[in-house]
Amino acid sequence: MVQVQIVKTDTMGIVYTLKNDTQRVSLSPVGARLLGWEIEMGETTRDIVVGFDSIDQHLTHRYFGATIGPVAGRIKEGTFTLGDHTYQLETTENGHTLHSGALGLDQVTFDAAVDSKENQASVAFRTVFSDPDQRFPGTLDITVTYTLTNENELTITYDATTDEPTLFNPTNHGYFNLSGDARNPINDHHLHIGAHHIAEKLADVTTTGEVLSVEGTAYDFETSRPIGDVALDDPFILHHETDADLELVSADQQVKLTVKTDAPTVILYTTGTHEEGETMKKGQVMANRGSIAIETQGIPGSERYTHFPSITLKPEQAFHSVTRYHLEELK
């Protein structure tokens, strides 16, 4: 049976833990955040989620494990148009708006409801979100549900409604290192991505509306291979033609993470010198390239490029998206 445990700690506040026979998933209502995912391997345990030991550190280093929204990624020049109205957001990075600015979902403390059954347990984090300065229009009713099964599948489900047209493109910004240690670079992790194309981006990481073939490039992971030293901050457009949209295997070939999503894109970001030297969980000092973020979402720039799948949410619609992760020990 999968269980839910609720503990209040001095450093993390309230922590919800989903637990089956061999795995534990730790969650915080602050940012509907993924704090940890531990897998028992004989006499040892690995936590594959890279993060911090306190919620204060998570709020400072905002995106680690957090639910990002209402719009994940960059909105070019902080502007978008709905109907006949153009909205101007605060710009937070190179003249653009990153991850919805200062008041994104990662800073929100959600309400929580737990549910436990024989084969699965879940925590549903819910908030009613409105931008007090009306930069993003409308009031959103958002629920982010984490579910762990006996089969070691972790599902993140996003549901939302709005009272007026707005943008909604959430993601989870989990950072992973399958060695369980952020001191180890992820270069020798093996990566497979079911993507023939990436969205073209400029030097400021905004998209152009064009797509590029990955065939024969450093971004071609259609056949599993080591990540190597390629610096990733790229939207891979998923073709959904195989059972797994993404597979990541640890350098020692002992742990495998599989991802399947209904989102059109997965953004992969390899940490680098910006994060290098940060003190993470258990006192681990982050290596250069010590983790990889896996972000399933709509294509960045979809508010600007109408040939990309729309991220506009209207009152007559209900947003629903599911990403499934499976973690296993390879024997």
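Just so you know, glycine gets a Cβ as well, placed from its N, Cα and C.
According to TrEMBL, the feature active site, proton donor maps to HIS173. According to DSSP, HIS173 (active site, proton donor) sits in a coil region rather than a helix or strand. Around HIS173 (active site, proton donor), taking its Cβ as the centre, 24 other Cβ atoms fall within 10 Å, counting all chains.
DSSP gives GLU295 (active site, proton acceptor) a strand state. Residues annotated as active site, proton acceptor in TrEMBL: GLU295.
A sphere of 10 angstroms centred on the C-beta of GLY174 (beta-D-galactose binding site) encloses 24 other C-beta atoms. For HIS173, GLY174, TYR175, ASP233, the entry in TrEMBL reads beta-D-galactose binding site.
For the pair GLY174 (beta-D-galactose binding site) and GLU295 (active site, proton acceptor), the Cα-Cα distance reads 7 Å. The Cβ of TYR175 (beta-D-galactose binding site) lies under 8 Å from the Cβ of VAL49, VAL50, GLY51, PHE64, GLY65, THR271, SER291, ILE292, ALA293, each on the same chain and at least six residues away in sequence.
Apart from HIS173, GLY174, TYR175, ASP233, the beta-D-galactose site neighbourhood in this chain, defined by C-beta within 8 angstroms of the site C-beta centre, holds TYR63, PHE64, PHE176, TYR269, SER291, ILE292, ALA293, ILE294, GLU295. Note: the CA-CA distance between ASP233 (beta-D-galactose binding site) and HIS173 (active site, proton donor) rounds to 13 Å. There are 24 other CB atoms within 10 A of the CB of GLU295 (active site, proton acceptor), with all protein chains counted.
The record assigns HIS173, GLY174, TYR175, ASP233 to the beta-D-galactose binding site, and the maximum Cα to Cα distance across that set is 14 Å.
Under the three-state DSSP scheme, ASP233 (beta-D-galactose binding site) falls in the strand class.
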